[in-house]
There are 2 protein chains.
Amino acid sequence: MKNDRFLKALRGEQLRPIPIWIMRQAGRYLPEYQEVRGKTDFLTLCKTPELAAQVTIQPVDVLGVDAAILFSDILIPLEPMGIGLDFKEGHGPVLSPPVRTEADVSRLVVHDPNETCGFVSETVKILRKELSQKVPLIGFSGAPFTLATYMIEGGSSRNFLFTKKMMFEAPDLFNKLMEKITDVTIRYLSMQINSGAEAIQVFDTWAGILSVNDYFQHVFPHVDRIFKELSTFDCPKIYFAFGGHHLLSTIKDLKVDCFGIDWRTPLNKASDLLGNDKVVQGNLDPLALFLPEKDLRDRVKVILEEGKVAKSHIFNLGHGVLPQIPAEKVKLLVEIVHDLSK
Amino acid sequence: MKNDRFLKALRGEQLRPIPIWIMRQAGRYLPEYQEVRGKTDFLTLCKTPELAAQVTIQPVDVLGVDAAILFSDILIPLEPMGIGLDFKEGHGPVLSPPVRTEADVSRLVVHDPNETCGFVSETVKILRKELSQKVPLIGFSGAPFTLATYMIEGGSSRNFLFTKKMMFEAPDLFNKLMEKITDVTIRYLSMQINSGAEAIQVFDTWAGILSVNDYFQHVFPHVDRIFKELSTFDCPKIYFAFGGHHLLSTIKDLKVDCFGIDWRTPLNKASDLLGNDKVVQGNLDPLALFLPEKDLRDRVKVILEEGKVAKSHIFNLGHGVLPQIPAEKVKLLVEIVHDLSK
């Protein structure tokens, strides 16, 4: 009964049609989501298992995607480390106080997500049950560097000044911070897998701001440790380094099953850089959903063609879908991908 | 008398020591600049030839760099196209009204910078005279796509939603806008060269947000036209596509003398992608200036080594220097580069 094309593709099977899911598919572009969200704030929604499960399932029913992804936020496991977390409407997240000194880092708690993030575990359990006849459930976390930027900057950033300042001026302190986040991340992902997540994705949204050498020195060891420690779980793993075209040949040997690729790099080029034996996931520019239907079809065709070089291909956007995109267009994309790859 | 190492390197000569200049070298990190800037607003500074010339020369005297770059802003030639331009303290630039419709684009004036931007021409003439015993003068402009993003978004942007919306929904309109900006840019750069600029750099700060295919289809033809039309001038030309690692093999045949490379791509890798017979300029992460002196030296050493693969190498940062960097550190960088490459 269950549609397991997504899991098969993650294992390297070439399928017809290929599976598709969409980053941020449970989000503000979807009227059904807006209705739930209208009654509660974002953080409460993340922390209320029944509601989080409800919005997680919506796109599966509405769009017909081949996987569900836990509705949550990458910053959730940072709060129990001892950081204030606030999502202000129209602004990005605010984390306070920012983590910038030896004392700030020392204060951070390497907590046990089973105790501190029970609502996530609960949501995963509900979802696994409710999705049992539908599609697989993806769990996720932020990657240590991406989480570190939010902690150090106190929110979003343009230049990542404080992050790089710490990395360059105080590499040992930066490393200590990365270690702590990595410890929490491993526990957090283990909890999700133990609760029933059937695949996990690690989002490294800001990895791309680093030079190849700095990524390799300051970030790679931590990402590598996450996937090595999680390799005891027979659960497929995806790593997505947004803006990471220049990092592809550096990350190719990570112990992951699949690499997310943003829209900048053609999938055949990405496969080439990754070694041609990898599963790739991507990579329509989220704003290419503004293309008229005919042009959208043409573009999907190109991406499907480029994806054929890879071991297998899971269709996705190259980044999260934006609130300004009509839900009908997203639904159309799912139909087009299924149609053209069948 | 004059230090012409920068021009020689642009022509492909390998020099010892290699030349260095620094993007945004006339800027807020410099106390001498702050003093001038304290007495006037940014736009007035750009439009007052004596003052603009004064701050242009400051880093040459203070830092000992091998080239001066005209003090101005890439948005300057947009104002006479019929766009309100305002720089609000602490915010980015505000352009109003944003250019989004057929009528908006039609209204734009393809002006003659000789008439509308006389202050730029005047500044260049003063500088050429004052720098005659010192270093060469670089003129510059924004690239059409980068300028288009500011016009369409009405300022800086995170997702470039309106830009890509126009590009995808109304490619003909987008092309018409790009044509108009390209026409102005060619005239604007010609004016600077005719007034005495000894090299020019075209900044494509936002090119990197596009996929290879979209860049090639919607942007490349216009950049290509600029350099082809300017090829009648025997004046070295630099193209800098920030975040453009994935675009390097697409842009390699542009009629330019040198490619600016941001910090993400090692220079030997960049040379490889550009075809190994190109002059490269870059590429220290501007925030790596936070490194302690010893580590900074080590990093410069690596960059100099990587740059040896290129036809020749002009040292620079991988992006503009930030106000938070101590001027002493920038001065130290110039000394280190000259010392290690001698």
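Along the chain as shown, residues are numbered 1 onward.
Cβ atoms are placed via backbone N, Cα and C, with glycine included.
Curation does not apply to TrEMBL; its annotations are automatic.
Binding site for substrate per TrEMBL: B:R24, B:Q25, B:A26, B:G27, B:R28, B:D73, B:Y150, B:H319, plus B:T205 from the candidate set B:T185, B:T205, B:T265.
Below 8 angstroms of C-beta separation, residues 21, 67-70, 72, 74-75, 77-78, 83, 93-100, 124, 160-163, 166, 174, 177-178, 181-182, 185, 188-189, 192-193, 195, 197-207, 210, 218-219, 222-223, 226, 238-239, 241 of the same chain, each at least six residues beyond the ends of the domain 'Uroporphyrinogen decarboxylase (URO-D)' (B:138-154), sit close to that stretch. Shown for the domain 'Uroporphyrinogen decarboxylase (URO-D)' (B:138-154): DSSP residue counts in helix, strand and coil, namely 10 helix, 5 strand, 2 coil.
Cβ neighbour count for B:A26 (substrate binding site): 27 (other Cβ atoms within 10 Å of its Cβ, all protein chains included). With all protein chains in the displayed structure included, the most crowded Cβ environment within 10 Å among the binding-site residues B:R24, B:R28 is that of B:R24. Between B:Y150 (substrate binding site) and B:D73 (site 'Transition state stabilizer'), the C-alpha separation comes to 12 Å. In terms of local Cβ density within 10 Å, B:Y150 ranks first among the recorded positions B:D73, B:Y150, B:H319. Over the domain 'Uroporphyrinogen decarboxylase (URO-D)' (B:19-28) the predicted model carries a mean pLDDT of 97. Between the CA atoms of B:H319 (substrate binding site) and B:D73 (site 'Transition state stabilizer') there is a gap of 15 Å.
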